[in-house]
């Protein structure tokens with residue numbers, strides 16, 4: 001599976017980076033290898049085969065690769081190989097733009113490190129500060145968190161940074177956007193000089209790449225060409241709906257197709273998510289929804305339900321577009337086309353994870369045609385009109 005990905009993806013990469021074709025060749029700790037195989041990996045994906053070794057060597061790394069190609073496992077394996085488990089102090093700090101992603105990364109680190117007795121805590125807003133303090137005082141090898149809460153814990157001196165040797169910026173394009181930029185700089189200033197920095201994202205626009213110069217020293221770059229970025233094995237379609245008002249009926253017509261496996265429907269605003277959820281329920285369709293204004297507990301419960309397959313159709317904002325991995329999702333619908341073309345790949349990458357087949361359907365009004373063309377041009381891709389037999393493809 002991962003071999004196919006390796007063959008099909010061409011990387012624009014620093015000169016001295018060789019691909020390693022198996023996890024055994026990486027000289028990883030025995031207990032870590034056990035965790036990797038137990039997690040279901042057999043051979044490394046394109047980004048894993050190149051980046052893991054460089055991270056283990058202690059090099060600063062900038063890695064850009066498609067959604068669903070195992071980027072989280074790439075830096076998690078690098079961390080687990082590099083930390084000293086006999087020192088129960090924070091040695092690796094992972095920053096993510098959303099709480100859900102921070103928790104998911106924590107789960108990946110714990111799963112891969114299952115045989116290593118690794119301590120990893122998710123330090124995120126919307127949860128108990130007291131619990132964070134207790135966990136951090138106990139000692140955590142790895143902290144996965146959102147910038148606001150991590151900054152708070154460092155300032156309170158509960159998150160001690162003296163032994164931190166690795167900083168990971170996941171979904172770096174979002175993290176280095178205006179919203180988080182200052183917090184990231186603040187956190188970086190608290191870290192020991194010479195901290196290794198790993199920057200990871202599916203999209204790394206030029207301005208973000210330039211900004212990474214502030215954090216990195218002579219980084220190894222592992223970059224996928226932009227025209228390689230639309231996802232292998234993902235079918236992309238559009239439905240011409242002419243007017244905004246016609247989208248709802250179109251979605252109702254598609255509902256039976258949505259529930260064949262699991263589907264995610266993206267809207268551009270929280271209000272739209274609430275409105276569409278209510279309309280669908282009034283029409284007797286079963287849906288769940290999630291956005292950033294919901295309390296963390298509620299968001300966790302909804303995610304849990306969706307992961308377990310108890311709910312099959314999730315309506316949400318872009319909060320869900322960032323790296324959330326639910327294996328059964330094979331259909332993504334852009335009820336609204338994303339306002340930011342970089343988010344397109346994050347959204348459609350929710351289907352067809354790690355090389356499974358997936359389908360993305362874009363609802364396009366007359367006003368949206370220009371945005372669709374822009375997305376096609378940006379990713380050098382062609383988005384066709386949806387065929388009648390869409391149910392056979394999901």
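Each residue, glycine too, has its Cβ placed from N, Cα and C.
Among 14, 67, 86, 128, the residue that Swiss-Prot annotates as phosphoserine is 67. In Swiss-Prot, the motif 'DEAD box' annotation falls on 170-173 of the listed ranges 158-161, 162-165, 166-169, 170-173. Across the motif 'DEAD box' (170-173), DSSP helix (H, G, I), strand (E, B) and coil residues number 2 helix, 1 strand, 1 coil.
Averaged across the motif 'Q motif' (21-49), the predicted model reaches a pLDDT of 89. In the motif 'Q motif' (21-49), helix, strand and coil residues by DSSP number 16 helix, 0 strand, 13 coil.
Neighbour count (other Cβ atoms within 10 Å of the Cβ, all protein chains): 27 for residue 70 (ATP binding site).
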